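Taken from TrEMBL, the feature signal peptide covers 1-23. The region 'Disordered' annotation in TrEMBL covers 25-100, 227-246. Among the features that TrEMBL reports, compositional bias 'Pro residues' is placed at 30-86. Residues annotated as domain 'DUF4142' in TrEMBL: 98-234. Summarising the annotation, TrEMBL assigns compositional bias 'Basic and acidic residues' to 235-246.
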Amino acid sequence: MSKRNIVMTAFIAVGLATSLGYASIAQSPAPTPSPSPEVTPTPAPATSPSPEVTPTPTPATSPSPEVTPTPTPTTSPSPEVTPTPVPTNGNRSSLSQVDREFMVKAAQGGMAEVQYGQIALQRASSSTVRQYAQRMIQEHTKANNELMALAKAKGVNLPKTIGKKNEKLKQRLSQLSGARFDREYMKEAGVKSHEEQAKLFERQVERGQNPDVIAFASKTLPVVQKHLQQAEQLTGDRSESEDRTR
């Protein structure tokens, strides 16, 4: 055998051996890797819940006592002289029908007495009758002025005339003179007229509603009663005098 063949045979044998080694390696099962031991997680220790913190209540502050301001002492005013109160317009609505009727009739009667007296100054024959007539003019004029002021404050329109009844007496007296006039004047204007006025003023004092109107009636009533008393006295004196001369 030649040297060349020996070399070739050796190469073939080496290659064959190598092939067999690879084949056995390929056929041997791959080693199963042992599973890693399962790591059981260590349970975390249960933390006990923190105790609930109850908030400390804030102490309620008691409200500061309210400070009441010390009142400033008022100085008592020096006594003031109070004038006689004048009725105000605020009392207009407080007038009753009785009050209004009284004011109207009192105005008519007061004006009539003044006009009767003016006639008496011209036609009376007795000086005593004329003096009485002069007193009627003065005192009834004063009362009439007070009544007009009261009526204005109350919003009442007083009549401008003396009324039909009083007008008839005025006309009758205007046609008389002397002793006859004296008798009729004292009887009608002196006694009868003042009797009616006295009843009118008394009724207002008892039944009136408005304090101011009642006050006027109360103040004037004694004057009217005095006029009546004087007229009755003069009428009686004249009657006795006439009886003695017969």
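Cβ atoms here come from the backbone N, Cα and C positions, even for glycine.
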Using DSSP, how many residues in the domain 'DUF4142' (98-234) fall into helix, strand and coil?
119 helix, 1 strand, 17 coil
Looking at the domain 'DUF4142' (98-234) alone, can you tell me the average pLDDT?
98
